[in-house]
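Heads up: the structure comes next, in structure tokens.
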Amino acid sequence: MVPPITSDEFCETSGCFGDSANLHTTLERLKININSDAKKLVDTNGDLKKHQRFLRIAKVTSLRSKDPNTQVGCVIVDKDNCIVSVGYNGFPIGVDDDVFRWDKEDPEDNKHLYVVHAEMNAIINKRCTTLHDCTVYVTLFPCNKCAQMLIQSRVKKVYFLENRDELAFRASKKMLDHARLPYEQIVMPQEAYVIEL
């Protein structure tokens, strides 16, 4: 059984992102609390436990999104298994949720025109100079635009939870395959999403 996320991990991940200073402070705390025991994450299941742990953090991060339909979280980890960035889908800084709605019906107010995706936010808010050789953990397989950014950032691999059979995701797979950027879906048991408060 995968151990539940502790209240400390939840608070560290869910209460941040008010501004970039808050993000950097929280990432520093995450690095200490989450990554100090990174070596313990590898067990008889190989790296599976480590991947599940970072995907759980991505899942908790997704709870920060105000999107009523699709909450996505992303965690980027360096070669030492230290978190260098997190992101979730939402409107750009300074864009009011009350003015810009999460609508998909009206073409001019369609949320897809305005929302910054979790992967994009994580890339923009990184705490390092480069993402070269970093690993990405995301709750939803990256769309074609996010795949472009991940390829350009030269990340090493993408792990994801959920996949969709839609044009943007098929195009993404085609690009990732051609760029030889590996991706892998991790199936997690339901109890892996339990959060202890």
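Each residue, glycine too, has its Cβ placed from N, Cα and C.
Among the candidates His117, His132, the one that Swiss-Prot lists alongside Cys143, Cys146 as binding Zn(2+) is His117.
Sequence-distant neighbours of Cys143 (Zn(2+) binding site) (same chain, 6+ residues apart, CB-CB distance under 8 A): His117, Ala168, Phe169, Ser172. Along the domain 'CMP/dCMP-type deaminase' (49-183), the predicted structure has mean pLDDT 93. Spacing of Cys146 (Zn(2+) binding site) relative to Glu119 (active site, proton donor) is 6 Å (Cα to Cα, whole number). In sequence order, Cys74, Gly87, Val136, Val138, Pro142, Cys146, Met149, Leu150 are the residues of the chain that are 6 or more apart from Glu119 (active site, proton donor) and have a CB within less than 8 Å of its CB.
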